[in-house]
Structures are given as C-alpha cells and as structure tokens.
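*Asks:* After the structure tokens below, expect a handful of questions from me.
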C-alpha cells in the first residue's frame, strides 16, 4: 500500500494543489523525493502560482495505487490541480500516464492517468514536449498526459527535479486561467476573455522569407521585446526573430498574454542567469534562458505579484516595468555594490546609529508600515483575511416560517385536544396542504410551516391516538398543551433580514465568518491583500540544514525558524536562501526580494563585525531610509528597520540580528505586528496578558524579553510563567515550547530582580 498521505493546509491561497510523487525508490526510502518537494515550493511561491499544497503523497509505480490517489484527490478532496512527478518514461514500470501492452499486437493500454481523466488537455502536454525538446533532445522520451476529471486538472511531469521544474514553468502561464475555467469563476474568466478580445492582431510580415516554416513562425511569436517593436514602427520595417531564439519559455509567452492570466505564472529570472553568456559551465536551462534574448534585450527581469488586478502597475519598486527589456549593462550595473570593503582599518569602532527605545521603535514600525491594497477572493479562501467592504445579506434567513422543533404544526386557537394528522412537512420541502380547524401537520426541525398553522407543539407534549394498521403513518394525535401564536416558529428574516449588514469592513475572518458568508450566499468578497514576505540568512559560515558540518561552519537555523514563524500566521513566503558576507551578493539578494515581495527579512550582518555590510548596502546602494539601527532591548540590540519607496510603492525591510533567539524574538516583536497592519487588521499589536513568575528572575540593564512557558493552575485566574532556562541569545533551546515573552523592566538601584509570585506582563507568541 502507499505511504500515508501528508495533508497540509494554508487557507490563504486560492488554488488547492496536490503533489503526487510516483517512484519505487522514494516509496521505499531508498531515495529522497527532491522533485516533489521542489514542486511544492514552486506551487507555493507567490511570484509563480501562489497556490496551497493541500495534499502530498509518495506512491510506488503501481497503476492501481496511482489511480486510487488521483480519484480520491479529485472526487473527495476536490483539489483544483494535481501535479504528478515520475513514471512518464520508457521503463517497464513507468505507468503514470499510460501503460505499455503486456503482449505484442494487443495495442496501447490505458494507464493510471488515462483511466482516471474524463477529458484530455493535449495542448499542455504539447507545450511541455516542445519546451523540453528545446532544452535537450532526450525530451522526446517523455510521455506526459494532461487531462481533466470533474473540476480537477491533472498534469503528468517528469521524475527529475530539473525536468519537472522546467515543464511546470512551460505550462505555468496558462494554469491560473485553466483552473478558473474549471471552477467556473465567471468574473475572472470574463476579464481574461475581454483582455484577449482587446489584444490587437499581429500584422503580417512585409516580406516573409520563403524558407520560413509554420513551425518557425510559431516560435517567433511573442518573443520580440517592446522596445524593438517600437523601433520597427518608427522605421516602418518589420523583421523576424533570429533563429537562435527558439526556446519559448514561460517568460517569453508572458509577453503576449494578458496580465490576469500570468499574474501568478511569470517565470522569475534566477539571480545566476542575469549574464547573457552561454558558457559550457551553464546548465542547459540557463543556456535556454539566454537563447531567448537578443543581444540588446535580455530576458525580462520584472515580475508581477500574484493576483494583481487588471491595469494596476507592478509592485516591483525600481524594477517596475518601463520596458520589457533591460540592457546587459544595466543588469550588470545593478549587480555591483558601491560599498568599499577594502579599508578595513577605517571601519566604525562605535555604531553610528543611536539607541532607540523599544516604545519608539515599535511605534515607528507601525507608522511607517502601509496597509496593502485589496483583491477579490472566493469566500472559502477567506480564513484569516480582513474584509475591505461591508457584506450585506441578499435574502432573508429563514426565507420562510420555519419550525424550531420536531412536533406538530397546529392552529393555536384550537387549544388542546385530539387532532387529525393531514400529512408532514420536512426540511427541504414546501408543504402544499392547508391546516384547517381540527387538523395538524407533523413537522421536523427547520421545515416550513404550512398555511393555516401558527404554532408548533413539540412531540413531547403530544400523545399518539391512532395509527395505520401497518404502523407506517400517524393518523390522529392528542395535543396536551395550549399553544400560543408564534410558538416555536422562526418567522421570515428572524435570523438575518434582507439588506442587513452581516459583516463589517475591517472584520478579521475566522470559521464563523466563513460560515456566515456561505449562509447569505456571498461567494466572492473584497479583502486586503496578504503581504508577501521574503526571508534570507547572511553569513559565510552558514550551511543548509541538510549539509554535513565542515570546519568553521554551522547550519542555518534562522531562515527555517523565521519562515515557519511567518507561515504560522498564514502569510505567503519566499525563501531567498543563504547569502554570503559580500556586498554584491547582498545587493543582488535584496533586489530579488524587493522585486518579489512586500517585506524582506534578513538575519545577520547588522552588528559591528568587519563583514557586517548589510546596513551599508541598504544605505549606499539602495538608498533606503534606515529608521533605526539599534534598539535598547535584550535580546536584539542591533535590530534594524528600513523602508524603500519606489514609484509610490513602499517596501519594508527588517534586518534582524544573527543570533537565533534574537532573530525569533525581534520577529515576534516587530515583524508580525507590521504584517498584521499590512493585511488590514485594525489593532495589529500583540496580545499581552498578566502572569505570575514561577521563580526569581534577575533584571538586566536593558528591557528584556525573557522566554517562558505559560500554564494555568486549577481555579487560579492568572497563569504562571516558567522560565525556559539559560537566556543566552545564541541558545535556540530557550525558545523550545515557549509560548510567551516575559516583558521585564530594566534594572534600577531599587530593583535588581523580580521574585516568585510577582505579577508581570507577558506577550503571547504561541498557543496557550
């Protein structure tokens, strides 16, 4: 049997995706599932698809297990998109798309995907094959199948990490619109179709070369950059693309597809492909990206953030699209820092940044942080979102007089006595008979009240007098109590009246609010956008968690912790990786974060070390406004906060200390409240409660945020706060199980410690 599927949720994304890895070796734990894990990252990247991983599973190359999983994810979990990776080659056990015949001359048999799908999507399979063939001739050995089952799109991707990523990018521009079509998202589909109608038809070439084949013409479409097109218009001469530009990637297709289609599907140019050279050391993918560009027009570097509304300018700051191409010179200039690292002896011995009080720093962060714009989402994706509009009921609830209890609909004026039963009214049905004097009708909870009745008597206040011979019907019942008019009946509009405001602008939605939207039939709502957060760690000493330790190296924990902290609050994240202590690398990484995210979080490189260049890069290269560079607090003294305003769009930058505990504490103190404000929460401040100390605590000259575990004792109104032990800022163990931060005052001559049982303020940072 297959390994147990891992179900993940992220309520903030609209496209629910399942990733299915088909591999005997991965299933038996003989190999790592690099392809599946990479696809999950690509799906969740807000600058690409911006989807939610709702299901993930590894199965062996067994056709029945593949089919069982696909059917379950389509019919039961109702996913929007399923990506399979593996089993698409020529090997005997490659049965994901279709199975080879067991005996000669018996014809091609259906495999897992072909047996499951109801309609094929051959265009997507063709796009993957064409793109793969431009990368390697071995692409012809792939047998992908794409198709539809119900409202779910199923895509077969290759088994390798590289191949699956490339094929995912080839089809990415069309995925959001395809899913909108399957979900019958009428508004979004109409917007796209309207934009397609508005697109001008390309003029025919003035004198096409006689050797130009239809295939070549297909490759040429959409490749020219806008600047070159403008030059051609001015000169009145039309030309075709050079034959070397034959690899049509997602980015190239995006140049001719409406933004509403590609808002979640633009290929992002990796940092290491900015150069146009195609040396043998480059990967085939990098070479293919370079071949897309002409000598004067490199691959577009701009991206659009997910769900950007039609006509709204890209929020990419200085990289805002002014033209679809930048020169090689501009790209190289942007990649070099102006920070001088040669004069080590002249570096600062004392920080040039004044100490800022915690209160002032916190107020500054909230004052400088903007509230993001709005977007329209499906109500199912509203968990954790903030409404940007009032929501009104369009119908009464209940829309008919409804019974509150199981019993009998009666005429109150009849009083107690024996009554004939004329039928029944059940929930979901409208009774057609009228209750006359001396009659009653049996009703269930929630059922409509029949005409003529004006009260309900619960079944407990009745006695059955007569039934049918076979016991299947009640014929006569005795009413034992006097009913009053309106008794146990919910009148029309009793719960919600038509036109009533059921949810106000600024409401932070939870499960009840989602249910209320469903109740009133409001399936699309306007909400504030979620901020996209990019996270990176800095330091030459850092290794990825999966790497073996080397002399002088440590594993990077900050990035994982910060990403998890942000994701715990539901915000989409971008992993920028580890960046070395080099101004050029820092500048490139920051530029990438600025182009893809609303908020950039870094850890390390902000203290007084000779390799701490981050503040200089922010100041000298990016011309960011550094609002504070030191905070009078423990831990987190070198915490830095900066903003960057480009073309009317503000980017927020938090440069956090490199010590693990300092990074987590300052993230909770500054970053999380800022993100809450950006998404429109009216009071973004953290929750602070009172608690009693479980032990004596010595005070520090600085205000301290001491990690603790909050627990409640029986019949005591206040929780007790237990210290997590050694509070050294490098000791991440002090954060283990911590759900609160003791907000300790600075030491004075009168107070050098707080004693057990004293009441202190505690900031809640975890589940209680």
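Note: Cβ is positioned from N, Cα and C throughout, glycine not excepted.
Keep in mind that this is a model prediction, so the values were computed, not measured.
What Swiss-Prot shows for this protein is this:
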type     : residues : note
MOD_RES  : 201      : phosphoserine
MOD_RES  : 207      : phosphoserine
MOD_RES  : 213      : phosphoserine
LIPID    : 225      : S-palmitoyl cysteine
COMPBIAS : 274-299  : compositional bias 'Polar residues'
MOD_RES  : 275      : phosphoserine
MOD_RES  : 281      : phosphoserine
MOD_RES  : 283      : phosphoserine
LIPID    : 297      : S-palmitoyl cysteine
REGION   : 326-768  : region 'MPT adenylyltransferase'
MOD_RES  : 337      : phosphoserine
*Asks:* Can you work out the mean pLDDT of the predicted model over the region 'MPT adenylyltransferase' (326-768)?
*Replies:* 92
*Asks:* Tally every other Cβ atom lying within 10 Å of the Cβ atom of residue 337 (phosphoserine).
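*Replies:* The Cβ of residue 337 (phosphoserine) has 20 Cβ neighbours within 10 Å.
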*Asks:* By the DSSP assignment reduced to helix, strand and coil, which category contains residue 337 (phosphoserine)?
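*Replies:* For residue 337 (phosphoserine) - judged by DSSP and reduced to three states - the answer is coil.
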